[in-house]
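According to TrEMBL, the protein carries these features:
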BINDING   C:Arg47, C:Lys53  NADP(+) binding site
BINDING   C:Arg124, C:Ser125, C:Ser126, C:Asn240, C:Ala241, C:Gly284, C:Lys299, C:Pro300, C:Val301, C:Ala302, C:Thr303, C:Arg325  FMN binding site
Protein chains: 4
Amino acid sequence: MGNSFGNLFRIHTYGESHGKALGVIIDGCPAGLLIDEAFIQSELDRRKPGQSKITTQRKEADEFEIVSGVFEGKSTGTPISIMIRNQDQKSKDYSHIADKFRPSHADYTFQTKYGIRDYRGGGRSSARETVARVAAGAVAKLFLKHHSISFYAYVSQVGHLKLDKDYTQLDLTKIEDNILRCPDPEMADKMIELIDQTRKNRDTIGGIVTGVIQGVPAGLGEPVFDKLHAEIGKAMLSINAVKGFEYGSGFEGVKLNGSEHNDEFYMDNNLVKTRTNYSGGIQGGISNGQDIYFNVAFKPVATIMTDQESINEAGDRVTVEGKGRHDPCVVSRAVPIVEAMAALVIADYLLISETNRI
Amino acid sequence: MGNSFGNLFRIHTYGESHGKALGVIIDGCPAGLLIDEAFIQSELDRRKPGQSKITTQRKEADEFEIVSGVFEGKSTGTPISIMIRNQDQKSKDYSHIADKFRPSHADYTFQTKYGIRDYRGGGRSSARETVARVAAGAVAKLFLKHHSISFYAYVSQVGHLKLDKDYTQLDLTKIEDNILRCPDPEMADKMIELIDQTRKNRDTIGGIVTGVIQGVPAGLGEPVFDKLHAEIGKAMLSINAVKGFEYGSGFEGVKLNGSEHNDEFYMDNNLVKTRTNYSGGIQGGISNGQDIYFNVAFKPVATIMTDQESINEAGDRVTVEGKGRHDPCVVSRAVPIVEAMAALVIADYLLISETNRI
Amino acid sequence: MGNSFGNLFRIHTYGESHGKALGVIIDGCPAGLLIDEAFIQSELDRRKPGQSKITTQRKEADEFEIVSGVFEGKSTGTPISIMIRNQDQKSKDYSHIADKFRPSHADYTFQTKYGIRDYRGGGRSSARETVARVAAGAVAKLFLKHHSISFYAYVSQVGHLKLDKDYTQLDLTKIEDNILRCPDPEMADKMIELIDQTRKNRDTIGGIVTGVIQGVPAGLGEPVFDKLHAEIGKAMLSINAVKGFEYGSGFEGVKLNGSEHNDEFYMDNNLVKTRTNYSGGIQGGISNGQDIYFNVAFKPVATIMTDQESINEAGDRVTVEGKGRHDPCVVSRAVPIVEAMAALVIADYLLISETNRI
Amino acid sequence: MGNSFGNLFRIHTYGESHGKALGVIIDGCPAGLLIDEAFIQSELDRRKPGQSKITTQRKEADEFEIVSGVFEGKSTGTPISIMIRNQDQKSKDYSHIADKFRPSHADYTFQTKYGIRDYRGGGRSSARETVARVAAGAVAKLFLKHHSISFYAYVSQVGHLKLDKDYTQLDLTKIEDNILRCPDPEMADKMIELIDQTRKNRDTIGGIVTGVIQGVPAGLGEPVFDKLHAEIGKAMLSINAVKGFEYGSGFEGVKLNGSEHNDEFYMDNNLVKTRTNYSGGIQGGISNGQDIYFNVAFKPVATIMTDQESINEAGDRVTVEGKGRHDPCVVSRAVPIVEAMAALVIADYLLISETNRI
């Protein structure tokens, strides 16, 4: 289990970090959708390694192949299978950790759960798996463009450096203007400098990515267990290295009184709006038509360039050497992944909502 | 959709705040489990309204009836249906808001989604729905006692009052010693005073509940989309009024370097342990045998006792009067709900894990 | 598992033959549907025991209670919970078979699977479970009336007595004109006589129920594994005592050549039709707009009124006495069950089909 | 929807008849299973086209590639992705039917459902899709060999030629001794002659495949909706061209009395057995340890070599020419598909059954 996501707009992924390929089947994409391959590639390029000095130097073109489900440029309603072959496998790099449990990695837990594991680069537990999510998310975005729904994500914190503006005070069209994907140029420079310094220290650091979804109509989301924010939260928490999720007023909101926190409804030329948006665009688990916004916390990458003490499968004390390639901070590459997962949730819930009434 | 939770240990709930009854079907509970009805009632009593001066004064005995699935005191492997009849319906109380959209409630979103809604006390969107979760969670706890897995939740913040100790510095056996369910007596008194003052101000306030799961064996959790913490996160985010979830180092952890954050493995008489637990007992989405701990943020209750401006179904400007009964702060009653949802996730993943290997 | 059916129009059932009650949760019924309680009762009455000399004499009013999901007479989009209390439990009747395995019943398999069983009247394995299906099916029929889709089922064979006319040669409005539910009066009399004679012989006999669905639009059904006829087939095979399912040309069709069996398309005032309908209204697993028809084979009831040799839980040789109440032939009461299951499948697939295209 | 099958041992398939490739993801295969690639290929070879004079002459090597989920020869518990590239696409062959609806094919229903279709060889609706089922079924068989469960299928009827022996009177090890896969040599020759004559008449003919599963332990199957035979039935009905399914006594059984049909239990050196097996190894939807056997009816292939009248997308009268390559009768190639689907069901239910008891 665990390799599928969604209900009606549903994906199934496969592949390991250093296996032959990774891929995704998109099942339930409505028929007749124009599949813009250039857009899919551009999304993959935003996630791919080696794109800047603050990302891992692993080299992957991340070119994809559509194997099924598209005929004469359009979706046919049958499963869209997309595959990305691994090029730079360098399996020998990993022989030195074949039987070692790297601290704060999934080596020990996979070994304990399955009694066997593909140790090469973490195998299935590697964040390389997210390439399949971004490919699927790109298709979801293409579908949602028909509904004028747009997705933005950006870096709002790196280590202790926290952006003091919220998304309404930022120009979201400037996200791609720098390698970090923070729309505030001054803060972006400081954050990039911090990441670069951390890399030189052979260390890593955490950060926060903020997501914004605009244009979602009121009425998306399922009551009780599948509330819209609960599904978005699960989607984000399923991304490698994520430790926390909050939406709307989030953790800070607990300090407020109801009289401050409640969002007053009013009519704005026949449109229902709220004067404030502490609700984050979702009330009772269902979208209310206002912007949806949330924060996703990423821990510092576990792979560091210094030696660490640990144990091996036999339980012997061992040293895990600091070598290989890694991201000093994942947030810049996490931006398209956060957008992709958000798009997958909205696409799914949009389809579900079409069946709400007689 | 949205009224079911879990995969193998699966529940389906139904019922509205002021309907005839609420209930749950538990499908997949292993056969042969002794169903301790007194324990189930004691769990329901921890959640029920009117239990103290800081909770709503609505009167409900919350007595349950087991309708199926139990024979001669034991589970039979067939669906366990549990029903709780509503007593204190007071439907007339709600006529004054029949066509009004209460700020930060689900009135507007339900109306928009379905074109109809049971406006009495919020209908299906009311937190009264959680009574079914607690009943099911009690059965999950009974099952997990066989596996020596225990669940604790407590109030760690109310408004700006934040407990400065983590769970390892607290005596979790003292949680039930006060009406707030905060194991630190001094802080509990301050928090209760703050809630009581807020109630007198006819207002409400938010808070945080911390959850701790002990005794979970290594190997529970499904890679990629159904990571253990992602499912726990979704479970918590699905609880009414929740705005955020974090586990392990959470949002604070983003400030750390990998060299500080990594949890070193070591052997403690043939047991694999980690010297620190920033991972929160979960690595790569799979339990590693250490304690699982997390925080859940609850917004201030939307129902306040002062008048508020809003609109009605026709889009006219209206005043929502501050009347009826409400909780000034939900955290004390949320404690058993948080435990119940955690128990449901662990029970489900424990069953799944039995099928991991040949 | 196994107590839920459907995807978007989804039901969950519970209850045992001699437990407190049986019931169903209908999740996914579109909002705004007028719930006609008299119609639901009339469907339950068609299935209930004691309705004629050829059915079991167990006495049950089978009155239902709608516990949730309906407000001011209409569905709200939240789970519709319907409960039917058992009246005539007569548990003492079953003490004599508490530890015996009745031949061709589910006593041995339930005991082996779960290590425990409610032996009273077969517990969960009793056909009494189908009362919940009929209640849910009635709601599905109400929904499908809005789409002008109608369901008919009738008895087409009892023992060796086989109706030699197909459904196009019969007046389906006459199905309820006799206690057997066979629209051919002469054959009905012969079949009733055969069943009555069988009952007097303290024995039982099998039969076939034919189902017909009219008004299904073209385009319902999911390719590959969830073909429309595969889901209808599973629905029918899940009914107690069913041993076979065929649709369209069925088993007889294997004798034909493709040149005889192919259904030629033609236009009939802008409507696409086929000159023959060996396909049974389904091609490639998707409805083509023609009538859907199928046969369901029911084995002779396992409960007979003569003594039989068997074993008990200890493996000792025992005699199972022929006592208690039973149906000499299930087909007349199976008719509304077959219709109900067909309606549940069509309601589900109709909702799914609303999401096929952009 | 519709491209996934199973619950815990779950598959997802993709691909079109004349697309780049077809494939399957197997999710939930227990870890540590030795993946015998030679066996998988041998199963694909039993299904592949061009293997004898009575099958289509389309040329496909049907060589597979394992893309993920296998490390050092063993399953790792992560998704096993298997891909089969199409070689002999000959798309030009299909231009003549690009806008025509072939009689009794899925052209019209796919077009109506999706508004677009890959018309090349039927696209997703082609039986070529079953290559993915056989690959997955081979993995399921490898898993079930550990549990000593074996699968047999053979041709028991072609047109009016019906084998008069049941499986207990046949030597199932002789199934592969002839190109038809009928273990009775004399009847096999007659059937092959009939198929060959039909082919020369440029026509097609139907047939029946009988399946036998031996070694299934008692206790597999889920009560009510997911009864073991209901799931096997759905699996079989989902295979292209299938019109009917029956198990145990099937349609003939309806003629019997309960006193003849009931299977008496007895002990055979501490093993529970039944003297007859009209139940077909399943009682109350759960396996009882006896042989499971069933029949699957296949209609005559719709593609015939003579011209037929039909309509096109515009609704105009057109002639569908009899050209291209086809199977005069599908049963010989259907044998491995029937076995594969049976193995997938048993593997899934075996895993589910591991969670039945505390």
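Going from the start of the chain as shown, residues are counted 1 onward.
Here the Cβ of each residue, glycine as well, is placed from N, Cα and C on the backbone.
Distribution of TrEMBL features across the structure.
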| residue | record | DSSP (3 states) |
| --- | --- | --- |
| C:Arg47 | NADP(+) binding site | helix |
| C:Lys53 | NADP(+) binding site | coil |
| C:Arg124 | FMN binding site | helix |
| C:Ala241 | FMN binding site | coil |
| C:Lys299 | FMN binding site | coil |
> C-alpha of C:Thr303 (FMN binding site) to C-alpha of C:Lys53 (NADP(+) binding site): distance in Å?
Replying inline: 17
>> Considering only CB atoms and a limit under 8 Å, which binding-site residues from C:Lys53, C:Lys299, C:Thr303 lie near chain B?
In response: none
>> Can you tell me how many other Cβ atoms are located within 10 Å of the Cβ belonging to C:Arg124 (FMN binding site)?
In response: 30
>> Let me check the 10 A CB neighbour count of C:Lys53 (NADP(+) binding site). How many other CB atoms are there?
In response: 12
> Which ones, of the binding-site residues C:Arg47, C:Lys53, C:Ser126, C:Ala241, are Cβ-proximal to chain D (under 8 Å)?
Replying inline: none
> What's the longest C-alpha separation between any two of C:Arg124, C:Ser125, C:Ser126, C:Asn240, C:Ala241, C:Gly284, C:Lys299, C:Pro300, C:Val301, C:Ala302, C:Thr303, C:Arg325, the listed FMN-binding residues, in angstrom?
Replying inline: 44
> In sequence order, which same-chain residues at least six apart have a C-beta under 8 angstroms from C:Ser126 (FMN binding site)?
Replying inline: C:Glu16, C:Ser17, C:Asn240
> Roughly how many Å separate the Cα of C:Ala241 (FMN binding site) from that of C:Lys53 (NADP(+) binding site), to the nearest whole number?
Replying inline: 20
>> Out of C:Ala241, C:Lys299, which of these binding-site residues shows the lowest number of other CB atoms within 10 Å of its CB?
In response: C:Ala241
> When you measure from the Cβ of C:Thr303 (FMN binding site), how many other Cβ atoms are you left with inside 10 Å?
Replying inline: 24
>> Can you tell me which of the binding-site residues C:Arg124, C:Lys299, C:Val301 is spatially closest to C:Lys53 (NADP(+) binding site)? Compare CA atoms only.
In response: C:Val301
>> Just to be sure I understand the packing, how many Cβ atoms besides its own are within 10 Å of the Cβ of C:Val301 (FMN binding site)?
In response: 26
> What count of other C-beta atoms do you get within 10 angstroms of the C-beta of C:Arg47 (NADP(+) binding site), across all chains shown?
Replying inline: 25
> Rounded to a whole number, how many Å is the Cα of C:Arg124 (FMN binding site) away from the Cα of C:Arg47 (NADP(+) binding site)?
Replying inline: 18
